[in-house]
Amino acid sequence: MAIALSTLVEEADRYLDAARIQDYCPNGLQVEGRPQVRRIVSGVTASQALLDAAVEADADVVLVHHGYFWKGENPCVVGMKQRRLKTLLNNDISLLAYHLPLDLHPEVGNNVQLARQLGFEVEGPLEPGNPRSIVLLGSLAEPMQPADFARHVRDALGREPLLVDAGQPIRRIAWCTGGAQGYIDQAIAAGVDAYLTGEVSEQTVHSARENGISFIAAGHHATERYGVQALGDYLGKRFAIEHLFIDCPNPA
């Protein structure tokens, strides 16, 4: 079965409420390809490796969390950017990208999907009155020692996490996929036992140690694989078209 590209884009935009959310990049259709869609390939980032895999898979649309045209970047279509865009245009493949809308969504969002992967019970956002609050609060079904929790994260995500061990059991936790280490002080203020995100900065470790909470950096890529898969699955089922998630491993 095939559907119109415009129909797919309209549904993805509507489902994620993309127009409501201010972001650092355009959300939605970033590169237009052929007008009919039979197969979606999804991935975390619109890297050359993913594009090449999409060409090999005969995809009509590439669906990603990290697309192109970021605020403040050089707009010139040269080098890596030229090669990526050339691959899409030469093969008549569309690029569909959702950044913050995919972090925030209550069903297919990165943070909700990560909670399901790790077995967290979701309480709600860290900042309930802030519509752009992407950090979630929740708890573990049973308290875990930090080292045991880190092993649980490793087994679930297939990547060894960085652990700052506070030496106290973890029950209440805050988390945000990707590069959200800057929210650690807000997580501390919320009284959590641990904060989990994808990346770590030098000062993050000091904040965790000096405030007595555990911190886990589980990988930017590793924590953000699940939202785009869930969105692709939703669109595939919604329109009875094919969806294939392709993981291009990234140690970051």
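Backbone N, Cα and C atoms are what each Cβ position is placed from, and that goes for glycine too.
Listed features, source Swiss-Prot:
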BINDING   HIS65, ASP103, GLU224  divalent metal cation 1 binding site
BINDING   HIS66, HIS220, GLU224  divalent metal cation 2 binding site
Using DSSP and three states only, what is GLU224 (divalent metal cation 1 binding site)?
coil
For HIS66 (divalent metal cation 2 binding site), which of the three DSSP-derived states applies: helix, strand, or coil?
strand
Identify which of the binding-site residues HIS65, HIS66, HIS220 has its Cβ surrounded by the largest number of other Cβ atoms within 10 Å, counting every protein chain shown.
HIS65
What is the set of residues, excluding HIS65, ASP103, GLU224, whose C-beta falls within 8 angstroms of the centroid of the C-beta atoms at the divalent metal cation 1 site?
VAL44, HIS66, HIS99, LEU102, ASN110, THR177, GLY178, GLY227, VAL228
Under a criterion of Cβ-Cβ distance under 8 Å and sequence separation of at least 6, what residues of the same chain contact ASP103 (divalent metal cation 1 binding site)?
GLY109, ASN110, ASN111, ILE134, CYS176, THR177, GLY178, GLY227
Cα of HIS66 (divalent metal cation 2 binding site) to Cα of GLU224 (divalent metal cation 1 binding site): how many Å, rounded?
10
Neighbourhood of the divalent metal cation 2 site (HIS66, HIS220, GLU224): other residues with Cβ within 8 Å of the Cβ centroid, in order?
VAL44, THR45, HIS65, THR177, GLY178, GLY179, GLY198, HIS221, THR223
So what sits near GLU224 (divalent metal cation 1 binding site) in its own chain, CB-to-CB under 8 Å and at least six residues off in sequence?
VAL44, HIS65, ASN110, THR177, GLY178, GLY198
